[in-house]
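**Q** For reference, the structure I am asking about is given below.
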Amino acid sequence: MRNFLVFSVIFIAYNSCEAANIQADNTFADPNIGEFRELLIDPKAGALFVGSEGAIFRLWAYNINDTGENVFAKKQLVLSESEESECRSTASDERLCRPSTRFLAFTNNLDSIYVCSSVGMRPEIRVLDSLSLRDQQEPRTEIGICVVDPTFNFTAVVVDSGNPEDATSVYSGIRTGMGGENHLIYRPPLTKNGKQLHASIRTIYSDNKWLNEPQFVGSFDVGQHVFFFFREIAHDNSFGERIVHSRVARVCKKDIGGRNVLRQVWTSFVKARLNCSVSANFPFYFDHIQSVKRVDKHGETYFYATFSTSETAFTSSAICMFQLSSINHLLDTGLLMEETANGQFSVTADEIPAHRPGTCSQNSHSISDTDLHFAKTHLLVSDSISGGTPILPLRDHVFTHIVVDQLPNQNVIFAFDSANRRVWKISHWKEGNEWKSNLIEEKSLKIAASRINDVALLPAEFFFVTSGAGVSQFSVARCSEQPSCALCSLDPYCSWNAVNSKCSLKTKTNEKSVGWISSSWAGRISPECSAVEKLTVKDVYLGDGLRLVGAKNGVWQKDGRSVESGQRHVVTRNGELVVLDAQLEDAGTYECLRDNIILVRARIVVHENCARPTSVAEYRSCQREWCKKADAYKAALNIWSDSNKKNVQCKANTSSAH
């Protein structure tokens, strides 16, 4: 009950309201292709790689419609008739037999694309030239890299350096077995020049203390480690409900397993809980990690992750950020949990052996059996890793995908709700020792499909989404829609032209030119806007509806007095003010303020009598006014008629009485 109260207080400000629809700048589709899925981008080359049912594409990231020879390539995925027939005889769903990509990654210094596809329910590995998409190696079947069933969550990362003998390898968090019943973190046998150097290595899938029905969302190669982000069943509560926690796990690249104990099993595996919660006496937890992106900035590595609550009537989402240094510190020094028949307990520091679980070794075969027995049963750190104050806690939505644009003084987060095809753009920056955020805008994406499959970002230019209908390309900013200098300067991609009073995309040229205004500080309005902000005059007629563009968390005033939502005045979630059925008392000067700074200023003039109409809108407004007057006249006439009838009846009754 207390958690519900916290939930109500925190999320009350985010009541739902329809966001504005935005059209894609460009779209790409192929009538011979089924579902469009994976995205991979090379910003320097301006290349967008797309995986789909039936093919792999290389598109020009600045215009995905351009199919010119120098910027476009297509690799068809083919299944022979005999392979298709054999697959259909065993598959539960014939769509599983269609050739379809599951995983795309760069390798060989971006010169090659590593592809794992499901072809006739077989995982097929290809290495393609990143320019022509021609095969650089013979395709091969390899288990444990990607899943056949697209409904299974998995993750994989190609690691080119730091492995034993510096052999390139893939690390995966995956489900194997006929029904996907085996959950494991896996590295296939290490080979070089066709020779096997080391056997495969994995977690123990038969022991759920290692992984308990995990749902993997991301994996990253960082230094001497590979990190895996996932959610898993932590325990069952007293009501028999399965409690889910989000985790980060870490393994060492040099790990080759133990000599006797933990043979071909990770000796360095260790994990901890990710804590994304609203602080309170009874914290409100977002326990289901949905997506994660890595950001390297100012010598530190950050992981931005989206989280949601369980799928209940009160589903909600938030974004949390985790620092690599904090993750490593906890995994390196935190107390470890031991699970017994009576529950889980933290072991004391002096019980932890000299070779601590999670420590990297140049030769894991040299670790003692005693230390490995301890590592085998002490996998979880007792404390959790804090994600700080949740960014944009929001109810009734699930943030399924995230991309992050790194700008000089801030990071811009794009969070997506796949099912509702909606995106939130958020500014996130550090001020002193405190991280702050500001919602810039929320938009609905107009795409011809029911959900988003994947997202990618071309920094400071476009974001891309895949769906069943194709690939859609959207600009990171809609500057021309900003009505004022203040709102324009809050968007880090925009700049205000003081001469033309228009908002345009910021460029290197206009950013420092005379007459152009943009904020140099994250989340702050440019002080120059106060000198150029103009009063907008809007003429309306009795009965009209009116919409004034405002800003998120803005406060509306009319002639210096606060405007509250009511029967005819509605302040939307995006900060817009909607006036319904305009009356004479609605005339005045309206201001939208935030932190006592005027963002929008407009004077509304309400005309009592219609002037001669000069447009269809004015004609309709006058028509409404005359209709109202006609209705009032009819009502008065009916009252007079009823009264007259009563008078006549009264006189007749009086005459008969005499």
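Heads up, the Cβ atoms here are built off N, Cα and C, so glycines get one too.
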**Q** Of Cys146, Cys320, Cys360, which cysteine does Swiss-Prot list as the disulfide partner of Cys252?
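**A** Disulfide partner per Swiss-Prot record: Cys360.
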**Q** If you check Swiss-Prot, which of Cys488, Cys494, Cys529 bonds to Cys479 via a disulphide?
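**A** Recorded disulfide partner of Cys479 in Swiss-Prot: Cys494.
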**Q** Which chain-mates of Asn275 (N-linked glycosylation site) that are at least 6 residues away have a CB under 8 A from its CB, listed by sequence?
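**A** Once residues fewer than 6 apart are set aside, Asn275 (N-linked glycosylation site) is near Tyr285, Ser384, Ile385, Ser386, Gly387.
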**Q** Quick one: which of these recorded positions, Asn65, Cys87, Cys97, Cys252, Cys488, Cys503, have their CA within 10 A of Cys479 (disulfide bond)?
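**A** Matched recorded positions: Cys488, Cys503, sequence order.
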**Q** Sort the disulfide-bonded residues Cys97, Cys252, Cys488, Cys494 by C-alpha distance from Cys276 (disulfide bond) and give me just the closest.
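**A** Minimum Cα distance from Cys276 (disulfide bond) across Cys97, Cys252, Cys488, Cys494 lands on Cys252.
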**Q** Can you name the residues of this chain that are 6 or more positions from Cys320 (disulfide bond) yet have a C-beta less than 8 Å from its C-beta?
**A** Leu274, Cys276, Phe286, Tyr304, Ala305, Phe307, Gly387, Gly388, Pro390, Ile391
**Q** Do you know the mean pLDDT across the domain 'Ig-like' (556-592)?
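**A** On average, pLDDT over the domain 'Ig-like' (556-592) sits at 88.
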**Q** Need the DSSP three-state call for Asn65 (N-linked glycosylation site) to compare against my parser.
**A** coil
**Q** Can you give me the Cα-Cα distance between Cys503 (disulfide bond) and Cys494 (disulfide bond) in Å, rounded to a whole number?
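**A** Cα to Cα, Cys503 (disulfide bond) and Cys494 (disulfide bond) are separated by 7 Å.
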**Q** When you rank Asn65, Cys97, Cys252, Cys494 by Cα distance to Cys488 (disulfide bond), which of the recorded positions ends up on top as the closest?
**A** Cys494
